Structures are given as C-alpha cells and as structure tokens.
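What Swiss-Prot records for this protein:
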- His159: active site, proton donor/acceptor (ACT_SITE)
- Lys163: active site, proton donor (ACT_SITE)
- Gly12, Ala13, Gly14, Gly15, Arg16, Met17, Gly102, Thr103, Thr104, Ala126, Ala127, Asn128, Phe129: NAD(+) binding site (BINDING)
- Arg39: NADP(+) binding site (BINDING)
- His160, Gly169, Thr170: (S)-2,3,4,5-tetrahydrodipicolinate binding site (BINDING)
Amino acid sequence: MSNTSIRIAVAGAGGRMGRQLIQAVAQSEQATLGAALTRTDSALCGVDAGELAGIGALGVAISGELAAVKDDFDILIDFTRPDASMAYLAFCRRHHKGIVIGTTGFSDAQKEAIRAEAQETGVVFAANFSVGVNLMLKLLEKAAQVMGEEADIEIIEAHHRHKVDAPSGTALAMGEAIAGALGRDLARCAVYSREGHTGERKAKSIGFATVRAGDIVGEHTAMFAEIGERLEITHKASSRMTFASGAVRAAVWLSGQKRGFFDMVNVLNLDKI
C-alpha cells in the first residue's frame with residue numbers, strides 16, 4: 001500500500017468518536033473514507049457517513065456487515081469496546097488488513113492476544129492518539145528518572161460522565177511509563193483507591209485518582225511530590241478531534257508496515273527523545 005489515498009474504515013461510526021474520525025479522514029490529504037461500520041441492528045445502516053458526521057454526503061453508506069465492505073478499505077480504525085475490537089482484529093488478520101486500535105478497557109489476556117495477532121498483520125495499539133499525550137509519556141520517563149526514587153507519585157485523570165472504564169487507558173499508560181523508568185512493576189506498586197483509615201502512604205507506590213463528570217474530554221496530571229516542592233505534568237484535551245487526527249495519522253503510517261505491533265511512539269518517532 002502506498003502512503004497516498006489510503007482507504008480507511010471507521011468502526012463505531014455512529015458514536016461520538018466515530019463521527020470525529022469520519023471528519024478527520026475527510027480532512028486528510030493522504031486518506032479517504034472507504035467504509036463506515038456500526039452494529040448489524042442499528043437504524044444507521046444505509047445512512048451516508050458524511051451526512052451523519054455533519055460534513056455533507058461522502059458517498060459511503062454505513063454498513064452493519066464488515067464482510068460486505070472487506071474490499072473497500074486498507075486500514076480499520078477502531079474505537080469501540082474490547083469484545084468488538086477483538087472481533088475486528090481477527091477479521092483484519094484473516095484478510096491482511098491493518099488495524100488502529102484506540103479502544104481501552106482490555107484485559108491482560110486480550111492485550112496479549114492483540115500482540116499475538118500482530119505477528120501476522122499490522123497493529124497500532126495506543127491508549128491515546130494525541131501527539132501531546134504521547135510526548136507527555138516520554139517526559140514522564142525523564143521526570144521519573146530524576147525525581148522518581150524520592151518523590152510521591154500520583155496520577156489524576158478526569159473524563160466525561162459516559163466513560164465506562166477507570167482508570168483511563170491513558171492514566172494506566174502514564175503509570176506504566178513511570179514504573180518502567182523506575183524498574184518497578186505497576187501491578188505491584190499501583191494504588192487505585194483510598195477510603196477510610198488507610199494509614200500512611202506506602203513508599204514507592206504510584207497512586208491513581210479518577211473523576212467522572214460533565215463533558216470533560218480528557219485531563220491527565222502526573223504529580224511528583226517531594227518535601228518542599230512538587231512537579232506536575234499535565235495534558236488537557238479540549239476536543240476529540242485531537243485523538244481522531246492522531247488515529248488517522250497512525251493509519252497512514254501503518255499503511256507502510258506489513259505486520260508488527262506498534263504504538264504512537266513508533267508513529268511519531270519518539271524513540272530517540
């Protein structure tokens with residue numbers, strides 16, 4: 001596949017993120033919308049994807065059958081639910097299609113299965129497709145190397161009332177970045193809730209706090225607190241378009257890869273920072 005006019009399929013086309021993805025693909029000079037997908041029983045089947053996204057007709061009817069559009073796309077972008085994502089991934093592997101996965105809430109077993117499928121097809125899997133968030137993850141590694149051994153580390157995240165998983169995938173990615181830089185296992189040092197008489201803070205733990213309210217698109221802060229000073233690294237998203245544009249960028253990049261497991265660090269070439 002070439003890096004011009006990559007044909008993209010958008011899963012979950014009727015959702016908030018799906019509509020943003022349709023808009024982002026339409027704005028891209030390197031990609032076109034090849035297919036838009038929804039549930040088989042959805043009333044949106046047959047509706048023009050562009051009309052649904054509020055940008056005018058694109059000539060692409062929303063479909064409830066992935067098999068019916070398998071020849072219409074090169075890369076699938078999926079921001080849905082874990083079970084649906086696993087089915088999309090299996091289909092893409094069988095039909096040699098690349099897939100960009102922005103779904104969160106996967107189990108550890110599902111994450112391992114995604115890595116296994118990537119041996120046969122191209123996969124970009126990231127908790128967050130914002131350029132700023134992925135740069136923040138690299139900054140957190142640097143901060144952890146300098147302050148992490150002595151500082152109390154807390155991660156605070158806030159999202160809209162409709163988000164169904166907590167902590168967010170991005171918050172967990174932040175924790176993994178920090179723990180990895182410190183040689184720690186996040187599964188052993190994470191503290192996800194505090195209530196009642198908790199006692200003093202456990203040394204070398206990484207705490208998480210979650211807010212769900214209103215229409216907050218996404219806010220994440222990592223705090224490195226020492227006695228007398230603290231460093232806070234924060235990212236705030238004001239529009240889902242930042243995630244959608246990043247996902248389209250990832251899809252265009254993935255079109256040049258035959259197979260393999262990648263994340264936004266690879267897409268943005270942040271390895272050298």
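Cβ from N, Cα, C; glycine included.
For the recorded site, Arg39 (NADP(+) binding site), the DSSP three-state label reads coil. Each residue contributes its Cα atom, and for the residue listed as 'NADP(+) binding site' and Gly169 ((S)-2,3,4,5-tetrahydrodipicolinate binding site) those atoms are 24 Å apart. Sequence-distant contacts of Gly102 (NAD(+) binding site), defined as residues of its own chain at least six apart whose C-beta falls under 8 angstroms from its C-beta, comprise Met17, Ile77, Asp78, Phe79, Ala126, Ala127, Asn128, Phe129, Phe243, Ala247.
For Thr170 ((S)-2,3,4,5-tetrahydrodipicolinate binding site), the nearest neighbour among the listed recorded positions (Gly12, Thr104, His159, Lys163), judged by C-alpha distance, is Thr104.
Nearest to Gly12 (NAD(+) binding site) in space, judged by Cα atoms and limited to the recorded positions His159, Lys163, Gly169, is Lys163. Across the binding-site residues listed here (Gly12, Gly14, Gly169), the residue whose Cβ sits among the most other Cβ atoms within 10 Å is Gly12.
Long-range neighbours of Arg16 (NAD(+) binding site) (same chain, six or more residues apart, CB within less than 8 Å of its CB): Arg240.
Spanning the listed NAD(+) site, residues Gly12, Ala13, Gly14, Gly15, Arg16, Met17, Gly102, Thr103, Thr104, Ala126, Ala127, Asn128, Phe129 have a farthest Cα to Cα distance of 21 Å.
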